[in-house]
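Over in TrEMBL, the protein carries these features:
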type	residues	note
BINDING	233-248	FAD binding site
DOMAIN	234-267	domain 'FAD-dependent oxidoreductase 2 FAD-binding'
DOMAIN	280-504	domain 'Glucose-methanol-choline oxidoreductase N-terminal'
TRANSMEM	143-162	transmembrane segment
Amino acid sequence: MERCDIARTRTAHPLLRGGRRELYTHGFSTSELRSLSSICETLAPPLSLNGKSDQGFQSAFGSQGPVPDEVAEALWTRGFIPEVVLLVRLVLKMLSTRLGSALLCGFVCFGWKFPFVRKFSELSLGEREGVLKGWLGGTRFTVIRSIFALLKVVCLFVFFSLTDENSQNPAWGAIGYHIENDECHRKINKTRPLEKGVINTGTATDSTFIESASLKGLNGWVDQNQHYNSIECDVVVVGSGCGGAVAAAILANSGHKVIVLEKGEYFVAEDYSSLEGPSMNQLYESGGMLSTLDGKMLLLAGTTVGGGSAVNWSASIKTPTTVLTDWAVNHRVPLFSSAEYITSMDAVCMRIGVTEKCEEEGLQNQVLRKGCEALGLKVESVPRNSSERHYCGSCCYGCRSGDKQGADLTWLVDAVDKGAVILTGCKAERFILVENKSDGDGSTKEKKCLGVIATTTNKNTAKKIQIKAKVTISACGSLCTPPLMKNSGLKNPNIGKNLHLHPATMVWGYFPDYISDLKGKKAFEGGIITSLHKVVQVDDHNKPERVCAILEAPSLGPGSFAAMQPWVSRLDMKERMTKFGRTVNLFAMVRDEGSGEVKAEGRITYKLSDLDRENLRTGLRKALRIMVAAGAVEVGTYRSDGQRIECEGIGEKALEEFLDTVTVGGDQSLGERSGIY
């Protein structure tokens with residue numbers, strides 16, 4: 001397929017360009033940064049591979065330039081709970097002292113010369129590596145092991161995703177990575193289809209906000225107590241993702257004045273850069289680093305106009321019949337078995353332009369298809385909300401071709417065309433709840449909602465925003481709706497509980513360039529999900545097959561790939577990264593039986609059930625077999641001990657023995673053989 005490089009002829013949005021920031025707000029002390037710098041250098045040191053000097057790895061290392069400051073900034077700003085950041089800073093402070101280093105690092109800190117005890121930063125690179133290995137494999141200090149795992153994730157993500165003013169990273173050449181070119185066949189649409197309906201509260205002042213609202217057809221005023229900039233409408237929708245966008249479009253089309261609140265920014269195809277670091281920071285909740293409290297489950301959620309639909313992987317799969325039956329029968333919601341629901345799914349698919357086929361698959365999906373066919377397994381094509389020619393591996397950072405038809409290009413456009421207004425940089429703080437006085441209509445509800453109080457990202461704005469509405473819809477997802485309800489004073493004990501996440505975990509396989517039918521392709525190129533395989537089991541021969549896992553291909557930039565990789569040693573890490581472009585990843589995803597709870601904003605717990613773990617293990621074993629059948633020379637898991645096996649010429653017995661060792665961790669937080677879901 002023909003390619004071109006439009007990236008050189010256009011400029012991305014300033015928030016998505018990358019480059020060194022002018023001001024850091026993390027507040028880490030000089031001594032804490034010195035310890036952090038030493039850890040970063042140990043995780044990603046300058047070295048040569050196989051005795052050969054590589055300019056990329058020699059000139060880039062973890063303690064270089066802004067890396068430690070960027071790691072500290074990520075810890076401070078990307079949603080990590082304050083207690084964790086405090087523990088990290090305490091450990092860094094201890095490592096900056098001789099006594100603390102001796103306590104945490106052991107005898108390696110002692111020497112024969114005055115002052116006889118060395119700080120962590122004064123140890124040699126090899127000695128520091130030994131200390132980190134001890135933290136990783138030891139069982140004495142669980143807290144230290146967890147902190148090391150966190151620092152490993154953040155440091156390696158920053159190191160491989162940080163770019164300069166020219167959108168380059170000095171290590172990319174060594175790992176064979178480049179920003180994927182745009183598609184020649186699709187002309188970039190430079191219009192901003194929602195602009196006429198957007199008010200960016202992040203740049204508006206107290207004086208200009210009311211004026212902007214009036215120009216958009218809203219009635220606005222400053223309240224008598226001067227606490228709020230107030231506006232009113234028929235319906236306010238909190239969240240501009242898949243649910244909020246559809247609701248806004250339907251209601252606006254029915255003649256209602258609709259306001260949509262979105263805490264993220266508004267971007268279009270021309271704005272996107274495909275740069276992993278700034279894109280994750282701007283387009284994802286907590287900069288893509290939101291996790292459960294135990295650090296075991298990484299949660300990805302969009303936070304931009306269009307929500308998850310702006311950054312998802314294009315898969316547009318209708319709700320399976322078995323799931324609809326379960327919801328309708330076991331959960332007693334008959335709507336899901338009705339013709340109305342089926343018709344609604346069809347209408348959504350038509351509006352977002354779902355297609356059933358893909359003209360050309362990327363490396364990862366080719367491997368999935370090839371391996372399944374070699375094993376006689378069924379592989380299915382995945383419907384996508386893009387054209388059949390769409391060959392984009394970076395849609396998770398916003399679709400630069402404008403081909404993917406997310407809510408920002410479909411339903412929100414419909415809403416704005418009918419007069420809806422979108423407030424960006426605007427975060428709902430609480431619902432306006434008042435006592436519900438009985439008016440003889442028989443209502444038994446204690447409270448009624450009159451709108452939303454919201455804050456803006458603009459620090460120069462003194463007032464909050466009050467949106468008064470006849471109807472309020474919360475469409476900010478399962479992670480953000482519970483905190484909003486609790487902040488509003490609602491006390492129902494079920495709020496935030498029964499959180500289900502479709503947990504997934506990955507395996508990898510290495511496919512060198514010399515594999516003839518897979519030449520010339522990189523794992524980060526091509527459509528993200530275009531094929532899938534359903535792993536089925538028969539529990540009872542009198543019952544139909546049960547789907548226990550679904551296997552698909554993920555999207556991983558170099559930063560995410562490095563962060564997820566097990567860190568066994570500095571040399572092993574860099575050897576793994578040189579294989580990045582030809583390392584295929586497949587993930588097993590299950591419909592979970594276990595569940596979790598959203599306790600507060602950013603405070604989430606989750607527990608896999610035994611069946612979930614067994615289903616994930618079954619899926620991982622099948623994924624590894626598929627990659628071996630497709631021709632991988634080496635396969636492995638993301639378990640923290642670096643589990644892998646060379647598989648060229650491997651026999652069935654040896655493969656089965658390896659597969660028997662594949663496990664899915666229990667509840668121990670970031671344990672010795674843990675992984676991240």
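Using N, Cα and C of the backbone, Cβ positions are placed for all residues, glycine too.
Summarised by DSSP class, the composition of the domain 'FAD-dependent oxidoreductase 2 FAD-binding' (234-267) is 12 helix, 10 strand, 12 coil. When Cβ atoms from all protein chains are considered, those within 10 Å of GLY243 (FAD binding site) total 19, not counting its own. Within 10 Å of the Cβ of ALA247 (FAD binding site) there are 20 other Cβ atoms, across all protein chains. Note on the binding-site residues CYS233, VAL237: the fewest other CB atoms within 10 A surround the CB of CYS233. Neighbours of GLY241 (FAD binding site), defined as other CB atoms within 10 A of its CB across all chains, total 28. The candidate set comprises the binding-site residues VAL235, GLY239, ALA245. Of these, ALA245 has the most other Cβ atoms within 10 Å.
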